[in-house]
Amino acid sequence: MAAAAQLSLTQLSSGNPVYEKYYRQVDTGNTGRVLASDAAAFLKKSGLPDLILGKIWDLADTDGKGILNKQEFFVALRLVACAQNGLEVSLSSLNLAVPPPRFHDTSSPLLISGTSAAELPWAVKPEDKAKYDAIFDSLSPVNGFLSGDKVKPVLLNSKLPVDILGRVWELSDIDHDGMLDRDEFAVAMFLVYCALEKEPVPMSLPPALVPPSKRKTWVVSPAEKAKYDEIFLKTDKDMDGFVSGLEVREIFLKTGLPSTLLAHIWSLCDTKDCGKLSKDQFALAFHLISQKLIKGIDPPHVLTPEMIPPSDRASLQKNIIGSSPVADFSAIKELDTLNNEIVDLQREKNNVEQDLKEKEDTIKQRTSEVQDLQDEVQRENTNLQKLQAQKQQVQELLDELDEQKAQLEEQLKEVRKKCAEEAQLISSLKAELTSQESQISTYEEELAKAREELSRLQQETAELEESVESGKAQLEPLQQHLQDSQQEISSMQMKLMEMKDLENHNSQLNWCSSPHSILVNGATDYCSLSTSSSETANLNEHVEGQSNLESEPIHQESPARSSPELLPSGVTDENEVTTAVTEKVCSELDNNRHSKEEDPFNVDSSSLTGPVADTNLDFFQSDPFVGSDPFKDDPFGKIDPFGGDPFKGSDPFASDCFFRQSTDPFATSSTDPFSAANNSSITSVETLKHNDPFAPGGTVVAASDSATDPFASVFGNESFGGGFADFSTLSKVNNEDPFRSATSSSVSNVVITKNVFEETSVKSEDEPPALPPKIGTPTRPCPLPPGKRSINKLDSPDPFKLNDPFQPFPGNDSPKEKDPEIFCDPFTSATTTTNKEADPSNFANFSAYPSEEDMIEWAKRESEREEEQRLARLNQQEQEDLELAIALSKSEISEA
């Protein structure tokens, strides 16, 4: 009872108010205790046998007081519920979840015990049955049955818990076919209404609720009944129609079943609790015994409806209704005596069996111990053999490990030696890494500025792309006209040959008549020169400069960068180039001076720069293609374009502040490593052509017929003495900027090649000019050594932007200031920027000259770049031929 005392009333009742209701029925005076007579009368309504009820009473009244308090009465109710659900009647079953107990009550058929007669009236009244049938018909049954889907909404409308509705469905579906007929539906609705009236739903269907059509016959077959009747007649010696316990004791014990099971069968069959069995009850008892012996089926705790003898079905309901409220648990004295004897025999039997079991367990234990010891000895022997084999293997492995140890020690020495070398290498690499990190920080700053410049250029590129798109739109109507003009071009070929001869003749005559019509600084209008036939050849040679003008802003900070013609190869005589261009312009102007047709390619002068102030040059009045043949004469057939000296003109660096220094940075040098024996030792002009160190890429420079030194303003007249690069006799440059860009707002502007080193009056007027030869892009200078290369310089798309020989002082954001080591000049002292005298020891320091591999790499890049430029020039030549053809076609149209 200690376990029961620990349980509270809520735990015992599982929160069900039915337990409290039952207690109020017994303890009507609310005294807090229940007498034995009241408890016996109430517990008899459960329908359990007296033996089970007596056991329940003993478990509930552990103190033997003869009364029960509220908690003890709840324990008794809980044990009754366990017995009704087939569980063991013990205190350990109190913790199991069971439905509330069921007791007989005339007011509710749900609380009637499982024992019921076949003749019992159906609990569903006729008027209720009619109402339930109407609901059944409204649900449209199929073949007299309703499926669960149709019954489910009706049950859910009751608002009952789902578990209660599930139990109602299981109880009403008697044949378990998943559907309900009329009688089963009536049972379901009856249970729902009872549940709505707060009556508990039973765990099993009471016999009174079983429809008459579903009730079964008696379990004892007629053949068995006849056989058991013969045994009954032999046993009933007094011939009173009943047999007592003493009369059937020997027959029951001969079956070999336990006495407790026989007593349970006796209590089930003695439905009237009179201590005797009738003929039908005796047949039922033997039927239960035979079921246990043959099929092993245990007798139920409560008789099912089909087990109740037919003779007892009619009188059972009357006995239940009219039963006395007071009952005695030991009413049958003979049964008690028999039970006591059975208990004594069972106790003695249990003691003997216990002793025998203990001895058998001892024997088994000893045998098991011996067997375990034998197994252990066998295992140890096996383990010993394994260990010996392992010992041999380990010894062999140990010998191998000793050899490996010696080898590893030698390898360790070598590895340590290598580690020392690697550590030394790592230290040197760390030092180099530190220097590289500092350079990287510098490069990152330069990269940020370069990105800003890139964004600006990208914006300008977008604007230029829009202009190109608009130009393409204007070009589309001309393409159709070009197809028509190509046929005319073939007919013009012969005419062009005649015009070339006439052009050469006119150019010589016009040169004499217009000696002052030369180009100054290349600042002339594109429209005034576009009609010249010599311009077509120049356009092809300066396609790179034209592309640079289109991709960069019109006004540049450095004059050298704004003009793509400032870096031609030194092999061209600038005076001859200038005079040739001027001659072509003059000849075309004279031939077309009186033409009255309008030039279709003429651009409004308001969008261009002003022409050269010469009254003889009329660039805007006539069509250059009318009246003369620009291809009549060959401008390259008579004059050698390589006959002039590109350095014979004026000094273009005289206006720079760097070249106006009063001191000579090379004057302090005692000896000039580049000077000859004396000034008079210059052998010939041809020798100087081959020895010119300033010729780009080592190409041959045309000999100069002038004695002027364009570098005299920078290095002085006495720095080199006589011999190599003596430019002391060169004249001073004019104050005009020779690198001024000649740009125009027109997209098709082209800058004509001009000699930036030439003064305006150097060339003789009598000498006829010649057109300049095709000038390639100047060879780029040799790259710096690998350790001193500039990333910006190598990655820059403009090869002249960072290595411009004509830019004396870079700006504040120049890479030279950010990394002076990369951009150092081997010919300049470290203190040049402070205008101090140069250190002679640092002059011409070639210690940092690139290696042969760098020279090969540089030559490879130069070769690739020149190939790209050659292809670009070919494309430009094709474009110019197209434009020339269009111009010729337009001129033919205008003449017509």
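Just so it is clear, glycine is given a Cβ too, placed from its N, Cα and C backbone atoms.
For ASP236, ASP238, ASP240, GLU247, the entry in Swiss-Prot reads Ca(2+) 2 binding site. The domain 'EH 2' annotation in Swiss-Prot covers 128-216. Taken from Swiss-Prot, the feature N-acetylalanine applies to ALA2, supported by a large-scale study or a structure entry. Under the heading phosphoserine, Swiss-Prot lists SER323, SER324, SER470, SER485, SER562, SER746, SER796, SER814 (among others). Taken from Swiss-Prot, the feature phosphothreonine applies to THR777, THR779. Feature annotation from Swiss-Prot assigns phosphotyrosine to TYR849. The region 'Disordered' annotation in Swiss-Prot covers 542-606, 760-848.
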Remark   = Out of SER470, SER485, the listed modified residues, fewest other Cβ atoms within 10 Å surround the Cβ of SER470
Inquiry  = Name them in sequence order: residues not among ASP236, ASP238, ASP240, GLU247 whose Cβ is within 8 Å of the mean position of the Cβ atoms defining the Ca(2+) 2 site.
reply    = THR235, LYS237, MET239, GLY241, PHE242, VAL243, SER244
Ask   = Are there any residues in the same chain, six or more apart in sequence, whose C-beta is under 8 angstroms from the C-beta of GLU247 (Ca(2+) 2 binding site), and if so which?
value = THR235, ASP236, LYS237
Message = Applying a 10 Å Cβ distance cut-off over all chains shown, what neighbour count does ASP238 (Ca(2+) 2 binding site) have?
response = 9
Message = Can you give me the Cα-Cα distance between SER485 (phosphoserine) and SER470 (phosphoserine) in Å, rounded to a whole number?
response = 23
Ask   = How many of the residues that make up the domain 'EH 2' (128-216) does DSSP mark as helix, as strand and as coil?
value = 52 helix, 6 strand, 31 coil
Ask   = Minimum Cβ neighbour count within 10 Å among the binding-site residues ASP236, ASP240: which residue?
value = ASP240
Request  = Provide, as an integer number of angstrom, the distance between the C-alpha atoms of ASP238 (Ca(2+) 2 binding site) and SER470 (phosphoserine).
outcome  = 137
Note = ASP240 (Ca(2+) 2 binding site) sits from SER470 (phosphoserine) (Cα to Cα, rounded, in Å) at a distance of 133
Confidence summary for the domain 'EH 2' (128-216), mean pLDDT rounded = 84
Task = Using DSSP with the three-state reduction, classify SER485 (phosphoserine) as helix, strand or coil.
result = helix
